[in-house]
Amino acid sequence: MIEALKPLVLAAVVTLILGPPVLAFLRRLKAGQTVRSDGPRSHLAKAGTPTMGGVLFLIGLTVSTLVLAPPSPLTLSTLILTWGYALIGLVDDGLKVILHRPLGLMARQKLGGQVLLGLVAGVAAMLWLGRGSVIQVPVTGWHWDLGWYYPLLAALLLVATTNAVNLTDGLDGLAAGITLWVALAYGILALTLGQGELVTFAMALAGGCLGFLVYNFHPARVFMGDTGSLALGAAIGFLAIMTRTELVLPVLGGVYVLETLSVILQVVSFRLTGRRLFRMSPLHHHFELGGWPESRVVLFFWALAIIMALAGLYLLTI
């Protein structure tokens, strides 16, 4: 177990060391966040905070994984996929900065890139990385061979996870803190499965998030942007794919699911009844507008993330 902590520590240290120069570089680029006018009014003060900060933990994750993981197709695939989704986010963030608007890529452009990468990842996992096309149904012991439908499931999972993390990234330290616990859960799971490369990757991901929180917790000095949130979602989604826990991910990453459901329910309720279920969605804004300080909301959701991660691990033991 001590060996498994090395990737976490190395990624955290690299992220911490890179923080000051990367933040200075982003300020020189004037890569400030444009805040949406329809969000909580308290967030208007965050305008101008450097964005695209996800590159910080991405570098920490990459360095730690390459240094400590045995070189293999799986190691390289996890990094390439994570950076592929990060690149979509980087383009999106860059357009926001250049055009001085809260929206970057068009939705269909963003979604198209995510689906394409997801399909490629699904095929690669099935044919070249030894994952196969069988999914396991938790608790029941059932197995289901999807054959060539599996890449579709993989793409759906990756697109859903990346966008769920993106929705969760709405408060200082929220997405990074939640992903820290989900990544730790996957590190423990991969350790029990004897998947050494995934142990290193998952723990390095947790370490990168930990180091990033030093700069991202309230009041944040940098935001991860879509660069970071899409990368985190891809990393978690691919961990689920390669550990064959696609159907357990909604529990392990339960907070992501709650955030996404709150948005869906809000839209459906308003269209059907003209009323909103929540003060604002995603769910974290509901608590924020209810008078909770931002840090309290974040810590509450972190605690919920820990509970859900433990519940997911327990589910796999039944």
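Count begins at 1; order follows the chain as displayed.
Here the Cβ of each residue, glycine as well, is placed from N, Cα and C on the backbone.
What you see is a predicted model, and the numbers here were worked out from it, not measured in a lab.
In Swiss-Prot this protein carries:
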- 5-25: transmembrane segment (TRANSMEM)
- 50-70: transmembrane segment (TRANSMEM)
- 71-91: transmembrane segment (TRANSMEM)
- 115-135: transmembrane segment (TRANSMEM)
- 139-159: transmembrane segment (TRANSMEM)
- 173-193: transmembrane segment (TRANSMEM)
- 198-218: transmembrane segment (TRANSMEM)
- 222-242: transmembrane segment (TRANSMEM)
- 248-268: transmembrane segment (TRANSMEM)
- 298-318: transmembrane segment (TRANSMEM)
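Here the transmembrane segment (50-70) sits against the transmembrane segment (222-242); at least 3 CB pairs are under 8 Å, leaving out pairs fewer than 6 apart in sequence.
Using a cut-off of 8 Å between Cβ atoms, the transmembrane segment (5-25) and the transmembrane segment (298-318) share fewer than three residue pairs, counting only pairs 6 or more apart in sequence.
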